[in-house]
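> Just dropping this structure here.
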Amino acid sequence: MTLKCGFLEAETGLPVPCSERNQCDLMPLALFQGFLEETCLFYGHYTIDGVKFQNFTYDLPLAYLLSTIAYLALSLLWIVKRSVEGFKINLIRSEEHFQSYCNKIFAGWDFCITNRSMADLKHSSLRYELRADLEEERIRQKIAERTSEETIRIYSLRLLLNCIVLAVLAACFYAIYRATIFSQEHMKKEIDKMVFGENLLILYLPSIVITLANFITPMIFAKIIHYEDYSPGFEIRLTILRCVFMRLATICVLVFTLGSKITSCDNYSCELCGYNQKLYPCWETQVGQEMYKLMIFDLIIILAVTLFVDFPRKLLVTYCSSWKLIQCWGQQEFAIPDNVLGIVYGQTICWIGAFFSPLLPAIATLKFIIIFYVKEMSLLYTCRPSPRQFRASNSNFFFLLVLLIGLCLAIIPLTISMARIPSSKACGPFTNFNTTWEVVPKTVSTFPSSLQSLVYGVTSEAFAVPFFMIICLIMFYFIALAGAHKRVVVQLREQLSLESRDKRYLIQKLTEAQKDMKNRLDGQ
């Protein structure tokens, strides 16, 4: 048999589609992936044939592409909308520390509360926020009292620790790169030359390395951050930035390594198809399988850590607290950055894999539901509150910003795969197109001539340049308007501060007058 652009050609000369995986020399996948490979879970199941109805034909390739674009666009709009709301709340809360303290003391109570348990909860919330304010004020005072020698020492230490962080990230990226290359190169070996364990290890080696890196590096970063002497809020943000860069960059390393292997031809020609059709007859399904494996492994690791680490740790701390080793280990702390990053990481995998595995969002939804209840049980029964105070409500905007970064990083490889890498000729709805995006101009060519002229005019440079200039002018107008509003807000705050000083002065004079009057009456 010989391989010609996605087809296996037997001695009879009849082409056999490579989508029939039982006749292709490809390795079966473990964890039901071999069974699921031919189902609607992956890209290769879908065909170029449209669904015919009585009056029209449902264009499956165009719908496949547009549904992915609409999914990503709706996600972007939702994140931007929520981020704007959080940004407004942050602007409202950006007040002086003394003013914030007074607002919590004198105006923080909700007098509509009538239930005792709700009153206790509100009381605990106010006490927690006051402790967070005091902790942040203590850190600011400590920073203000630093000497020049202490400042040089702490900045030198931070520089050294950041070099260590970069070294850890580089080591993880290189390990993922080597694991992906090793896994892809050894997929060429025949099945009968491997045992089942070897098959499983080679197929899932990139996912295993990525999962281990995502599990180990947050613990390293958490240890490092304690020596950098930051405020609690900034400490959480910096930890999240480091971990999110680690998690999202690992996915990008995997995707771009796969892309380099897909488009490389080694010692034989691939000019006919434009990609490595011998090793990847249906490369979109291969990428979808990698995203599927990452999703499954992430769920397995979370469940395994919760069931076999957190719960036994809680039992040991409860019933073996006299042991010194157990005392040093301590009870599990509920770390908000790790849990937020787990959500961002899983959602980024879902965004990237949605095109290559259309049902992956459904799997991600089920995964997040399971993780929610597992984390709830872990929080209630195995974790202790964090000893360091911070306000998670003020970090919502930052968390959404991190999620937006994940979406942008997911759009980059998807755009490259749709517009630059040739689509598979052995499977999928785009077998007749050189790239995935070519379905759009082909569909436009079927429109009436007047509508075609309108579409070409809207997408031309003659329309894009004036539109960009108008958008820039509108943006500058709103920036200027926001600056004017900010100046008004500053003036109003100064006016409120002056009024409070006037009231304090009047109260002081009134008190002195009352004392004088009382002394006069006592003298008479």
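Every residue, even glycine, has its Cβ placed from backbone N, Cα and C.
Those TrEMBL annotations? Automatic predictions, nothing curated.
Since this is a predicted model, take the numbers as computed values, not measurements.
Feature table excerpt (TrEMBL):
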| type | residues | note |
| --- | --- | --- |
| TRANSMEM | 62-80 | transmembrane segment |
| TRANSMEM | 159-181 | transmembrane segment |
| TRANSMEM | 201-222 | transmembrane segment |
| DOMAIN | 282-393 | domain 'TMC' |
| TRANSMEM | 291-309 | transmembrane segment |
| TRANSMEM | 351-374 | transmembrane segment |
| TRANSMEM | 395-416 | transmembrane segment |
| TRANSMEM | 463-484 | transmembrane segment |
> With Cβ distances under 8 Å as the criterion, find the stretch in 201-222, 291-309, 351-374, 395-416, 463-484 that has the most pairs with the transmembrane segment (159-181).
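So the stretch in question is 201-222.
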> Do at least three C-beta pairs under 8 angstroms join the transmembrane segment (62-80) to the transmembrane segment (351-374), pairs 6 or more apart in sequence?
yes
> Mind checking which residues of the chain, 6+ beyond the ends of the transmembrane segment (463-484), have their Cβ under 8 Å from one of its Cβ atoms?
457
> The domain 'TMC' (282-393): mean pLDDT?
81
> Using DSSP, how many residues in the domain 'TMC' (282-393) fall into helix, strand and coil?
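Going through the domain 'TMC' (282-393) residue by residue, I get 87 helix, 4 strand, 21 coil.
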